[in-house]
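The following features are taken from TrEMBL:
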type     : residues : note
DOMAIN   : 37-285   : domain 'G-protein coupled receptors family 1 profile'
TRANSMEM : 21-48    : transmembrane segment
TRANSMEM : 87-106   : transmembrane segment
TRANSMEM : 143-164  : transmembrane segment
TRANSMEM : 193-221  : transmembrane segment
TRANSMEM : 233-256  : transmembrane segment
TRANSMEM : 268-287  : transmembrane segment
Amino acid sequence: GNHTQTKFILLGITDSPCARALLFGLFLLIYIVTLAGNIGITVLAWVVPSLHTPMYFFLTHFSFADICYSTVISPKMLADLLSENKTISFAGCAMQFHFFAFFATAECRLLAAMAYDRHVAICNPLLYVTVISSHVRRRLVALSYLLAFLSAVIYTNCTFGGSFCGPNQIDHFFCDISPVLKLVCSDTRTSEMAVFAFVVMNTVGTSTIILVSDTCILPAVLRMRSAQSRSRAFHTCASHLTAVSLSYGTIFFMYLQPASSHGSLDKVASIVYAVVTPMLNPFIYSLRNKEVKDALVKCRRR
């Protein structure tokens, strides 16, 4: 883009020194739990043979995306909470947003792939091994990353492709679409419409797949004769819908509203999906599952 700014200043979450110290401790703890939970699930799925299933194959990639996009945001945010110098270079800002958009979009695609996997497992259990073969699941994951990368390139170009010739203060704790576009000197309506269109395709498209999948699953679950099987299926669906609600609810709030509607709640919503949700996902998806609990017991005995 035709820009003159070489760096930006991130205004962060708050100016209060006391509040910043408390938030640093809280967010540092959340980041540590995020890394421990997601790395733990990934390692456990690799080393325990009973977890070498398609569901945990998708979960390891989901945990990898959680680790990456949390790491893109949290270390810089934590450093800024302790520092008065909150500058970030133009290239650094663009790269931070690009990788955040890449891994966040990949998560949406992986959630849809996991919904399809769960649909086949419950509705067509006899064909499950054939339909969700190792070749198919590798292609689904590769396609998720590819589409996420292309989307991230478009988001980044729309956000940073304009002219930055005025203020350089970003009223946020990381480089996100809305606060960055507010600094663009040129007309941003085309960029905003393009971002909106691709967010709709990525989020509404994948969330529709998830909802249709769960709607089709419900009759199959109700037909199960075993109470234990019904309980397990409902538990799996409930965990998936909880994670979907947390992720998509905040994403819809942030990116599917007019630019004029953005306000003080944006930072709260961003904290939920960029900081808190990656910490909760291991507990929602894995640490409450019987298979994971059994695998943890086996590892502890060893």
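Each residue, glycine too, has its Cβ placed from N, Cα and C.
Among the recorded stretches 21-48, 87-106, 143-164, 193-221, the one sharing the largest number of Cβ pairs closer than 8 Å with the transmembrane segment (268-287) is 21-48. The listed stretches are 21-48, 143-164, 193-221; of these, 143-164 has the most Cβ pairs under 8 Å to the transmembrane segment (87-106).
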